[in-house]
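Colleague: As annotated in Swiss-Prot:
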- 12, 13, 43, 100: divalent metal cation binding site (BINDING)
């Protein structure tokens, strides 16, 4: 290893996804990079971990790339756990995840394996950045690569508060160039319940696919959802910490404990 900072690179689209190669390529001059990513796509697995079967770590050869790459037959959170405890020679200064094919903005972060990989690191005291790109069907990663080094370099040079990480989303670029980057707040949008009922052609039982309908809201003008629709890239500082609703606790503690005891 050199004297450069060490960055762990991961994702949820899988170790051979184009997005992670573009992420690696965009920041390879900033730090020593080690890639530990899922063997297969693990989209929408959130912060799940594998506990009912063994996990395997395998060295991966990226053609035409001098990269240190490993795959894990598990989830993004599994990858981070094994990277920190088995693969990496030392503690990384930063973890980056992505570039995800499709945005992870609003409340969709709770489903995202891309974001969950960073959350796993944050819970172990390591800051991180999740990167996602709105062009799902035909992502032109080269159009957003130039924005990534500045964001990563800022994170390397400016310590985040404990429990904090950055969630970065790039808008679709099919309608024009990105207008700029905004540090902003999380919106409300998420994938709504929209199950599609289907009939098996050879069997009599029905089955369902969860649809891709979005639950839309009137978004604040400083939210990531609103700004992405306007063509801006968004950076939201998210926080993992005490989830207790303290105002509810203070208001209801006496009444609740009197009622149930």
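Placement of Cβ uses the backbone N, Cα and C atoms for every residue, glycine included.
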Colleague: So if I draw a 10 Å sphere around the Cβ of residue 43 (divalent metal cation binding site), how many other Cβ atoms end up inside it?
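Modeller: Taking every protein chain into account, the count is 18.
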Colleague: Identify, among the binding-site residues 12, 13, the residue whose Cβ has the fewest other Cβ atoms within 10 Å in this structure.
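Modeller: Least crowded of the binding-site residues 12, 13, by Cβ count within 10 Å, is 13.
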Colleague: For a quick check of packing: other C-beta atoms within 10 Å of the C-beta of residue 100 (divalent metal cation binding site), how many?
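Modeller: If we count other Cβ atoms within 10 Å of residue 100 (divalent metal cation binding site), we arrive at 29.
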Colleague: Which chain neighbours of the divalent metal cation site, leaving out 12, 13, 43, 100, have a Cβ atom within 8 Å of the mean position of the site's Cβ atoms?
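Modeller: Nearby residues not in the site list: 11, 14, 17, 19, 41, 42, 76, 98, 101, 102, 112, 113, 114.
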